[in-house]
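Please read the structure below before turning to the comments.
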């Protein structure tokens, strides 16, 4: 995707300022974005939105950038990948199958109907904060109802208004397994005030992770504190602004020396194009090859759909934040990016376009991923 990122840079070269050197007069109105390893530009907020729109017009979905403004002047280097040992087969069906049995399409519908009622979930809008608050409160209710000892939820704040939500289920070890989804949405023409229901992008991933969390907490093994590894469920802020929330989290985890052994991203889980085979898209660029193989094992064991490998370009979603900070990550999307939802980032990204049966298959994969790795020793 090197050529693609260079094409984007060229398209904006007349107005954007080459990085990484801070140009004279640059203040809070300029942002440093990374379009690929070593490819940076200073842009205004308007240019950042225009660049995202330009990228979308060419690639439809995928190919993005990371806003690395806060890294300017630091010695950021891509960390060495945290080593992990993934099972070659699914070994904990007795734990996972009850989780799958509890998954509810009705819960997915109910939760998504709530999310799309916010005018938008843009990371700097009032309703973007309100939607994050709704997710936080919902997670809190789920934890309280479960009675699982040590389970907790916290707000991970950012310099912008919207916060990340992190739920933790402690295990016997500090080795951590994460599933995440961004909950913000954007109307590309009017980010702050425009209608952006974001049903697919990424209300669908948000509620899939929420429903998975609900059923992992119902597991007898989890309730008995038998998990070997710590589990985290993330709902990210500001993905549409350049992976802002997730990059903040994984930068801190890297600085803190956290042992994140696996991260699974759920972004776009509900759209299937008519006339095309229903399938998962397993993203192979900017992800971990060994973890991807484990994901194939999970899909084969617990889901009814098959996988097709695909690429989505640099920084296309939040798994890239984990990847650039040295943590193994995978991304399973609703399909390959050639057949993705044509309504993304518009007022027409609505529930009527989605398939809740497809979303349920994603939820099966998530609980399979989390359940299996929760119980894996020596990860």
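We count from 1, first residue shown onward.
The backbone N, Cα and C atoms fix where each Cβ goes, and this holds for glycine too.
Under the heading signal peptide, Swiss-Prot lists 1-18.
According to Swiss-Prot, the feature Zn(2+) 1 binding site maps to 182, 201, 267. In the three-state DSSP assignment, the secondary structure recorded for residue 201 (Zn(2+) 1 binding site) is helix.
Sequence annotations record features per position, and here Swiss-Prot assigns Zn(2+) 2 binding site to 201, 240, 345 based on similarity to another entry.
Residues or ranges marked as N-linked glycosylation site in Swiss-Prot (evidence: sequence analysis): 202 (among others). Non-local contacts of residue 202 (N-linked glycosylation site) by the CB criterion (under 8 A, 6+ apart in sequence, same chain) comprise 181, 182, 183, 184, 185, 239, 266, 267, 268.
According to Swiss-Prot, the feature N-linked glycosylation site maps to 226 (among others). The secondary structure of residue 226 (N-linked glycosylation site), as reduced to three states from DSSP, is coil rather than helix or strand.
Residues or ranges marked as disulfide bond in Swiss-Prot (evidence: similarity to another entry): 312-316. The number of other Cβ atoms within 10 Å of the Cβ belonging to residue 312 (disulfide bond), over all protein chains shown, comes to 28.
Under the three-state DSSP scheme, residue 240 (Zn(2+) 2 binding site) falls in the helix class. If you check the recorded positions 201, 226, 312, 316 against residue 345 (Zn(2+) 2 binding site), the ones with a Cα inside 10 Å of its Cα are 201.
Cα separation, residue 240 (Zn(2+) 2 binding site) to residue 316 (disulfide bond), rounded: 10 Å. Here the candidates are the recorded positions 226, 312, 316. The one whose C-alpha lies nearest to that of residue 201 (Zn(2+) 1 binding site) is 316. Take the CB of residue 226 (N-linked glycosylation site) and look out to 10 A: across all protein chains shown you find 14 other CB atoms.
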